[in-house]
Amino acid sequence: MKRILIIATGGTIASTEDGAGLAPTLTGRELAARVPLIDTLCELDFVQPMNIDSTNMRPHDWLRIAGVIEEAYDRYDGFVILHGTDTMAYTAAALSYLVQGSEKPIVLTGSQQPMASPFTDAKLNLYHSVLYACDPASRDVSVVFGGKVICGTRARKQRTMSFNAFTSMNYPSIAYARGERVVRPAGVAPAEKTGARPRFFDALDDRVIVLKLTPELRPSIFGLLAPEYDAVILETFGIGGIPDHDGSFQRAIFDWVESGRALVVTTQVPEEGLDLGVYEVGRAYAEKPGILRGDDMTTEALVAKTMWALGQTHDPAELSRLFYEPVNNDRTPR
Ligand code: ASP
């Protein structure tokens, strides 16, 4: 029988109401005990590094979770992380960079309704996550939620209440849980397993901020951010437009990268990604050294990848190499 480690971290799935608002109180073991038939799938062990609303999940917590996986890696066939839904996409992306090339599945799940609620989605999500973690073809970091399996770098929380909270952005869902079966899209052959260990990383630079362009945003914002941040992820308009009516944005952005800081350009449009070459209002940034293109990556994955890459190096050439190397299907190759 397979052995799966449940890493419980909190979230709505573990929450109960004490009059002051939902807050996590239940342990991973208590949660699994409420899921019918889960014990027929595999042997389960439990670890509880924290029990928090994922609003409070921070980069040092991602490192802690990666550390738990590294320490337990050889003793288990897979890992299921119980996590709040609000920042699950960030944690799934971060773990994709911190644990690279895992032949053992690392699954994140949670629920929109607490396990204690009569109409909860928690039971099926947890059951499906363990089912997927036990499937011999499963690997790498993914989110299992609402019957879908989404690559860990492509998940986005798209709905605040519905049970199908997560969408796979710019990339197909990698599998589906249908009753007691894992169904993979036809024609996608699972990669061969060789027994290789993943690469674990233990450093992040958390001085990364997302800046969304809005009409009349002042370019002087870059000067205000400089003391606190090493990288800005700039969500531009459309396929990659940055205002150029008086040249002040270009000056502010070029000064930012010339000061040795990183700038990642992406789009605030959720689907289909960036192409800086299309419009005059983007082209000046396309070939500027130090500016990195987000292409069709999610903002969540860009935050995590930039923190991870800056955690390894601040050398611009090496940073660019790490940034453009695809990890866990995070970008569609050009
Ligand atoms: N606030 C909760 C959390 O992210 C929401 C959830 O789990 O659905 O921890």
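Residue 1 is the first one shown; counting continues down the chain.
Cβ coordinates come from backbone N, Cα and C, glycine included.
Together with THR85, ASP86, the substrate site in TrEMBL holds one more listed residue from SER54, SER129, SER138, which is SER54.
Same-chain neighbours of the substrate site beyond SER54, THR85, ASP86, judged by a C-beta within 8 angstroms of the site's C-beta center, are, in sequence order, GLY11, THR12, ASP53, THR55, MET57, HIS83, GLY84, THR87, MET88, GLY110, LYS157. Residue counts of the domain 'Asparaginase/glutaminase C-terminal' (207-323) by helix, strand and coil are 42 helix, 22 strand, 53 coil (DSSP-based). Mean pLDDT, taken over the domain 'L-asparaginase N-terminal' (3-182), works out to 97 on the 0 to 100 scale.
Across the residues annotated as binding substrate (SER54, THR85, ASP86), the widest Cα-Cα separation comes to 7 Å.
Note on the recorded positions THR12, SER54, THR85: the fewest other CB atoms within 10 A surround the CB of SER54. Straight-line distance linking the Cα atoms of ASP86 (substrate binding site) and THR12 (active site), rounded to a whole number, equals 9 Å.
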